[in-house]
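Chemist: The structure follows.
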Amino acid sequence: MRTATYFFIFLNLSLAVFEEPAVYPLPFLVTALVEVLCLLVFFGRLTHYAKVTLRDVFWKDTKNICIMVAILLSLTDLAICGVLRMYNMRSIRWSRVVRPIFLINFAESRQIRRAFRSIRNTLPEITYVFLFFMFSLLMFSLMALKLFGERNLQTAEGLPYFRNYLEIVFDLYVLVTTANSPDIMMPAFDFSSWYALFFIAFVIVNTYIFMSLFLAVVYNNYKKHLKVMFGGVNCD
């Protein structure tokens, strides 16, 4: 039962590769039939679990409720999408986001559920670091707007350079990963080499300091919650 459950969970999650927009697109009817088959297996597994569990215990277990709600939402979304396709109308499969629920909430997924619970308990404790990072990003974006926005600079493609605040926020956010370095700073550097100091300061503060701090907080808190969950066992 465990192997079968894992197989159909994996099959259900893999449908994202074949549904529009897809890497390897398959006809809607094929993916819909596979999804219905997976949902029937999940419902059968839930029914089997209900027969070997006390009724009060079964209905008080949040995991079982989550699985039933996920099945109903998936079937509803599938039916709506099928009807709309009959009238040549496009729709968005919003129920895809509930598919990981099956991976987490089945009884066989105890270890995955423990890891997910540790991640969930870690999130509130990293919120402050994330807010500090976002504050730094927004302040640097505002400085960039004041420094470069009024100088009528242009990118190599002839587009306006650092004149829209939201676009600046996005560009500097990408710069945290260094994916657009040094292209993003070249128009300012060509205007004056001193402007390179702004980008150097941004990379030092946000990429090297905040990202390292963020990683350290995530790792330490996740390890702490995992150690508590396993009864003080060393998680290194």
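Glycine residues also receive a Cβ, built from the backbone N, Cα and C atoms like all the rest.
Predicted automatically and left uncurated, TrEMBL annotations should be read as such.
According to TrEMBL, the protein carries these features:
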SIGNAL    1-16  signal peptide
DOMAIN    6-224  domain 'Ion transport'
TRANSMEM  26-44  transmembrane segment
TRANSMEM  65-87  transmembrane segment
TRANSMEM  126-145  transmembrane segment
TRANSMEM  165-182  transmembrane segment
TRANSMEM  194-219  transmembrane segment
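Buried or exposed, and what's around them? Tell me for each listed feature.
Modeler: Listed by sequence, the residues of this chain that lie at least six past the ends of the signal peptide (1-16) yet keep a Cβ under 8 A from its Cβ atoms are 22, 31, 34-35, 37-39, 41-42, 45, 48, 96, 99-100, 102-103, 106, 108.
For the transmembrane segment (26-44), the residues of the chain that approach it from at least six positions outside its boundaries are 4-5, 8-9, 11-12, 15, 18-20, 67, 71, 74-75, 78, 81-82, 85, 102, 106, judged by C-beta separation under 8 angstroms.
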Chemist: Go through the chain and flag residues at least 6 beyond the ends of the transmembrane segment (65-87) whose CB is under 8 A from any CB in it; none is fine as an answer.
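Modeler: Apart from its flanks, the transmembrane segment (65-87) reaches 28, 32, 35-36, 39, 42-43, 46, 59, 93-95, 98-99, 101-102, 105-106.
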Chemist: Excluding the flanking five residues on each side, which residues at least 6 beyond the ends of the transmembrane segment (126-145) place their CB within less than 8 Å of a CB in that stretch?
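Modeler: Residues 162-163, 165, 168-169, 172-173, 176, 198, 202, 205-206, 210, 213-214, 217-218, 221.
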Chemist: Take the transmembrane segment (165-182) and find every residue of the same chain, 6 or more past its ends, with a Cβ under 8 Å from one of its Cβ atoms.
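Modeler: For the transmembrane segment (165-182), the sequence-distant neighbours (Cβ-Cβ under 8 Å, at least 6 residues beyond its ends) are 137-138, 140-142, 144-145, 189, 199, 202-203, 206-207, 211.
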Chemist: Restricting to the domain 'Ion transport' (6-224), what is the model's mean pLDDT?
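Modeler: Within the domain 'Ion transport' (6-224), the model's average pLDDT equals 87.
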